[in-house]
Each structure stands twice: as C-alpha cells, then as structure tokens.
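Please read the structure below before turning to the comments.
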Amino acid sequence: MKVVVADHSGFCFGVEKAIDTAFKELEYKDSKDIYTLGPLIHNQQVISHLEENGIKVVSDLNSGKDGVVIIRSHGVPKDVYKDASEKKIDLVDATCPFVRKIQNIVEEYQKKGYHIVIIGDPSHPEVIGINGWCDNTAHIVKNEDDVHRIPFLDNLCIVAQTTISTSLYTELTAMIEQKSNNVLKFNTICSATRDRQNSARNLAKEVDVMIIVGGYHSSNTQKLVEICKQEKPDTTFHIETAGEIPMNILKNYESVGVTAGASTPKWIIDEVIDRINNL
C-alpha cells in the first residue's frame, strides 16, 4: 500500500512555542508547582504527557495560585492578566504570537470606535480570549444566520479565528461588508492553517483514503476533516491515535494520504504511518 504524507502537517510554530515554554518552566520551576490555565493545546496525548511530567491543568487562576500558571496557546481575556497581577500569581504567557496579534488588533480598533466582528466559533477558547480584549463586545459570527443578526453599523473591524477555513472567511466577510460603509478587514487565519488546508485538499485529490490525525476537540483538525471530506466523502477518517486506524477498510484500497492537525506531535504521526505500512 502506498502511504503519502501531506507536505504540511503536525506541530505549528505556536504549538511548539507553547510546549517549549512549558518544559522550560519545568527546568527552572524552583520547586514551584506548574499549571496551565486550561489545556495548553488541543491534544489529549500531549496533555497527558505534560501531566506525567508534573504540569497540571487548572480551570481557574485560584487553583494555581501556589505555583506558576502558564497561559495556553489559545490565549485568554485581558482581565485574566489583571486578576493574576492583583492576586500576585506568577504568570507565564504561552499565547500563540498570531493569536496575540489579533488581541492587539481588536483592542486597538475598539478604542478607535470600531465595532469588532470575529469570524469563528463562539465557544472556542481562542475566540473567547480575543473577545476579552475588546470588553466582550464583539459580534461573533460562525455562519450566515449570525451575520444576519448584525445591525447596520458605522465602523466595522473584521478579524478571524486563526484556524477557520479560508472559504468560510471569504464567504462571511463578503456578507459582513454589507453591514457598514466603513469596514476594515484583517485576514488573521494563520499561514500554518492555510498551508495545512491547501496541502490536505491537494493530497485528498490524489489518494484513495485520507487519514487525519489530531485531537477531537482541535478546531484546525476538524477543518482538515471537512476539507478532505469534500474530496473523499466516504473515505476520510479522523483519528487521535494509531490504535483507531480503520485497518479493515484500508486493506481495500491502494493509496492512503496522512495529514495531521497543528497540535499533533510527530511521534503520533510516525506511529500512524508505521502501522499503515505494516498492513
């Protein structure tokens, strides 16, 4: 069986930075406990590995007040920093630089009098965090129905969750532009997301089956699944680990494409490839 790996897959810069930050804190923790405020990234295997090394996940600052609290790669609302400062909690910021850029944009343009529109999932921690940098006043749109609920406004500033699909951004932005005579657009989908999506789409056209490796709660992985299903609706499979590969299905085909989300470590991708090669 022929196994082809997408040109762009696996860890992105922001995820690598967050994990490196966490392990550097382990080296210099000075006997303090280390926590992450929410899962550092959306990959359960990596989170388990961090926990095995003593880095625990907490859901609020107070639970980590006796140690060092690492801000997750998805970022957090602005008031978290203020809260930590007032409580004298030691924070280490592992926010993805691309996410931090969006936070700065919405903070700046809200102060300039713009209404902020975030294209993304309102329940995703990245979007929740971004909204917290414009006083939680953003219009968050996930689909056309959400756009219809936006009134006509004087000034609009549009940003996007870093992991949405480019097609969704293009479609919804065109609609949002009809809601104001003065619209600023910032395509804040990160380059790693675009590269992975294009690479996955091209590979799906060339193979019989697509395997997408990544966390079930990972937004960017879910987008890869959606894109591949457009090309291979019946033979696209989303897995987290090599143990979930549908081997009984793969044996009926000649070629398999493998790609992975931005929070999927190389060792998991390698395990998947090895298992398919041994079919």
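Along the chain as shown, the residues are counted starting at 1.
Glycine is no exception: its Cβ is also placed from the backbone N, Cα and C atoms.
Just so it is clear, the model here is predicted, and its values are computed rather than measured.
Annotated (2E)-4-hydroxy-3-methylbut-2-enyl diphosphate binding in Swiss-Prot involves His74, His124, Thr162, Ser218, Ser219, Asn220, Ser263 plus, out of the candidates His42, His49, the residue His42. Site annotation (Swiss-Prot, ligand [4Fe-4S] cluster) includes Cys12, Cys96; from Cys190, Cys228, the additional listed residue is Cys190. Residue pair Cys190 ([4Fe-4S] cluster binding site) / Asn220 ((2E)-4-hydroxy-3-methylbut-2-enyl diphosphate binding site) shows a Cα separation of 11 Å.
Following the DSSP three-state reduction, the secondary structure of Asn220 ((2E)-4-hydroxy-3-methylbut-2-enyl diphosphate binding site) is helix. Other than His42, His74, His124, Ser218, Ser219, Asn220, Ser263, the residues of this chain whose Cβ falls within 8 Å of the Cβ centroid of the isopentenyl diphosphate site are, in sequence order, Ile41, Glu126, Thr163, Gly215, His217, Thr221, Gly261, Ala262. Just so you know, the Cβ of Cys96 ([4Fe-4S] cluster binding site) picks up 25 other Cβ atoms within 10 Å once every protein chain is counted.
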